[in-house]
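Heads up: the structure comes next, in structure tokens.
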Amino acid sequence: MDDLNYATLTDALEQTVFENFDDGLYIGMMSGTSLDGMDAVLCQFSEKDNTQQPMHVLATHSQDFPPRLREVLLALCQPNGIQALTPSDDEPNSELDWFGWASKEYAEFSSDVVNTLLQQSNTDSESVLAIGCHGQTVRHRPQMGFSLQLVDANIIAERTGISVVSDFRRRDMAVGGQGAPLVPAFHQALFAVPDSTRVLLNLGGIANIAVLPAISNDLVDSNEHSENQPSDSVVGYDTGPANLLLDAWTTLHTDKDYDAGGTWAQSGQVVEPLLNQLLEHPFFKKTYPKSTGREDFNLAWLQDELQKFDQASADVRYSSADVQATLTELTAISASAQINLFINASSSNAVYVCGGGALNNYLMTRLQVHLQRCKVETTASLGLEPTWVEAVAFAWLARQTLMGETGNLPAVTGASKGVVLGQVCFA
């Protein structure tokens with residue numbers, strides 16, 4: 001590229017994107033492994049905000065997936081899962097075609113969610129700098145060096161009139177990382193404080209933790225902490241399954257999509273020998289950094305484990321509610337065991353929970369039982385409702401991308417270096 005063309009491109013970028021960072025509006029979008037719908041937030045970041053919270057959520061919107069799209073997404077998440085679909089005359093008949101169909105449908109649905117959010121908040125699309133759209137993970141294979149998030153950002157940019165940042169994970173993987181978890185970098189930027197270590201526990205489809213060490217007072221005084229590149233001293237990784245298995249088992253045995261408040265699980269009894277068997281999964285023996293997903297923990301895996309258990313323990317009787325209680329305990333024990341590694345050696349006295357699992361009262365109670373050294377509460381006590389944390393995180397990651405700042409934490413993902421994440425599709 002010659003100097004003239006490069007200068008022209010640089011000027012265009014500065015005029016269209018790299019401006020008004022101090023008070024920029026961003027939209028973050030997230031649909032997790034639990035596939036319960038799309039969350040979207042409109043938020044404002046400010047480098048000039050000297051408060052403890054240089055981010056403000058202005059509006060939120062959540063919308064369930066159309067039933068057919070959700071069905072196809074769930075099928076795509078499973079190897080050969082698409083074979084269970086019965087296509088109509090105008091629908092695809094191969095897995096690759098279904099992937100393209102779902103990518104388009106997902107993007108059109110995402111566009112509708114964004115436009116509804118803009119309408120409800122009376123916000124002009126021209127005032128929004130970018131959308132951070134994670135897309136839907138249909139395959140995460142860090143051991144093979146790839147992760148696939150399904151979304152067509154071109155459609156979203158065209159239908160909303162807003163530039164879109166997507167495909168966040170693969171740049172981290174290009175430098176040797178696992179591409180996950182990415183949210184701990186945001187946790188560090190927003191929630192770290194100078195006087196104590198904090199632990200953030202995200203309970204989405206998969207559970208993951210972020211251990212945030214106390215930041216230096218020099219950074220706090222200079223107001224560099226929240227907006228500069230996050231520190232590699234953060235520890236973060238996936239700890240195991242959460243809502244993914246809980247929701248799948250609930251859907252299979254009840255007429256509900258999820259166990260509201262954990263009341264069904266609470267009505268059952270933990271099957272200790274089954275719990276011990278589930279904890280033998282190889283993932284729990286791995287050291288961090290590590291990540292997992294539906295490829296490791298899914299309904300087929302659970303049913304296979306139950307079959308093995310029944311064959312080995314024919315005299316043990318249990319109900320479907322007992323299995324739900326056991327799955328809840330699996331999440332609580334696998335997460336708390338990792339958190340306790342850091343609580344015991346730190347000054348932290350609180351674990352802040354976010355994600356849909358934060359609304360599961362029974363799970364929160366079980367976490368508190370296993371985390372006796374600290375108080376378990378939600379991120380609402382830090383000023384951000386737990387169900388919106390991940391969506392805000394991807395708004396923040398989009399902002400990092402447009403600012404040319406790194407968005408990954410090598411100590412968390414295992415990458416060889418910090419890199420600017422994502423690809424930008426301009427409106």
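Cβ coordinates are placed from backbone N, Cα and C, and glycine is handled just like the others.
Positions annotated as ATP binding site by Swiss-Prot, on the basis of sequence analysis: G32, T33, S34, L35, D36, G37, M38, D39.
Within 8 Å of the Cβ centroid of the ATP site, not counting the listed residues G32, T33, S34, L35, D36, G37, M38, D39, the chain contributes M30, S31, F65, G204, G205, G356.
Annotation for G37 (ATP binding site): spatial neighbours S31, S62, Q63, D64, F65, criterion Cβ-Cβ under 8 Å with sequence separation of six or more. The Cβ of D36 (ATP binding site) lies under 8 Å from the Cβ of D64, F65, N243, D247, D257, Y258, G356, each on the same chain and at least six residues away in sequence.
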